[in-house]
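Trainee: Sharing a structure below in structure tokens format, with a few things to ask.
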């Protein structure tokens with residue numbers, strides 16, 4: 001009689017397709033049958049290493065039976081791993097998008113997440129996509145959910161929790177298939193008289209200096225909120241961007257800047273330099289040098305963190321009303337700086353570097369309308385071109 005393998009025992013064999021397979025006993029079913037787990041690899045050594053890892057997890061009690069794992073449980077694990085690769089704000093967006101079809105992630109209702117990971121079929125994924133379309137979600141949102149589902153199932157296949165990805169057998173949402181998600185609407189650049197009215201209305205406001213930084217340097221909201229006094233070099237007249245403060249859930253969290261090129265050192269215009277210096281000297285009367293260096297430029301109530309990320313939005317809305325100008329977003333102040341710089345003839349490369357864009361192409365795409373208007377001004381007749389020209393150099 002063939003001996004049953006005990007829990008933790010296994011063997012390796014070569015399959016007909018050329019791959020190696022390792023089979024490990026991980027327990028027993030209620031009817032007494034052995035419960036096994038298979039792992040695969042291109043070489044016998046690779047499979048042996050995978051079996052060894054499985055044995056260790058069994059011995060430590062950390063092994064999770066894939067047959068018992070729900071999709072929601074796997075999604076949470078996947079999100080935890082993504083948190084090591086991307087910004088907290090990005091993970092929050094992933095969570096919100098996946099929650100549209102997996103309300104279990106927020107502890108509300110039942111959806112895809114209640115299914116066992118190994119039981120999810122293409123028909124379930126198709127049903128989720130149809131639900132989003134029926135509920136009126138945009139093609140862009142539907143496509144994002146589709147892509148996230150595909151990614152987390154890809155990872156499950158890679159870790160051999162499932163044999164195939166059910167999302168790969170479902171076509172992308174029809175309206176979004178074959179085209180990129182629409183770009184964000186371009187920001188509104190304020191007219192010079194609107195900028196003056198806004199700054200006048202902001203005088204004395206706790207965030208007056210914040211708004212001036214966005215309008216005078218083109219900083220992102222999170223970059224300005226993430227500033228510490230130690231980031232400002234008053235001897236050189238420079239400001240260093242090296243962190244950002246963004247909204248995560250109902251609060252905020254510090255993260256690295258948006259892109260590698262977002263880490264930058266910016267020269268301070270004279271008016272901003274003087275305003276920052278004045279505020280710094282006021283605080284220097286209350287705080288010792290080392291404490292001041294680590295203090296936030298725009299602190300919250302307890303001073304341990306910057307103001308809430310939503311505060312500038314609410315403040316700007318009221319200031320626009322007081323100034324008698326059309327409402328604008330906080331990001332529009334950064335966009336205004338870029339537009340004014342280009343309208344003044346500052347080279348695109350310089351504007352792109354100061355804005356911290358990942359590439360010149362992004363700057364060109366965002367500010368194309370400004371550049372096209374500038375080009376219209378370069379229509380000169382021959383007499384104007386020749387005026388003041390001293391002739392060509394002699395050969």
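Just so you know, glycine gets a Cβ as well, placed from its N, Cα and C.
Unlike curated records, TrEMBL annotations are generated automatically.
Summarising the annotation, TrEMBL assigns domain 'Core-binding (CB)' to 69-157. Positions annotated as domain 'Tyr recombinase' by TrEMBL: 185-381.
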Trainee: Roughly where does the domain 'Tyr recombinase' (185-381) sit in mean pLDDT, to the nearest integer?
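Mentor: PLDDT averaged over the stretch: 89.
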Trainee: Summarise the domain 'Core-binding (CB)' (69-157) by DSSP state, stating how many residues are helix, strand and coil.
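Mentor: Per-class counts: 65 helix, 2 strand, 22 coil.
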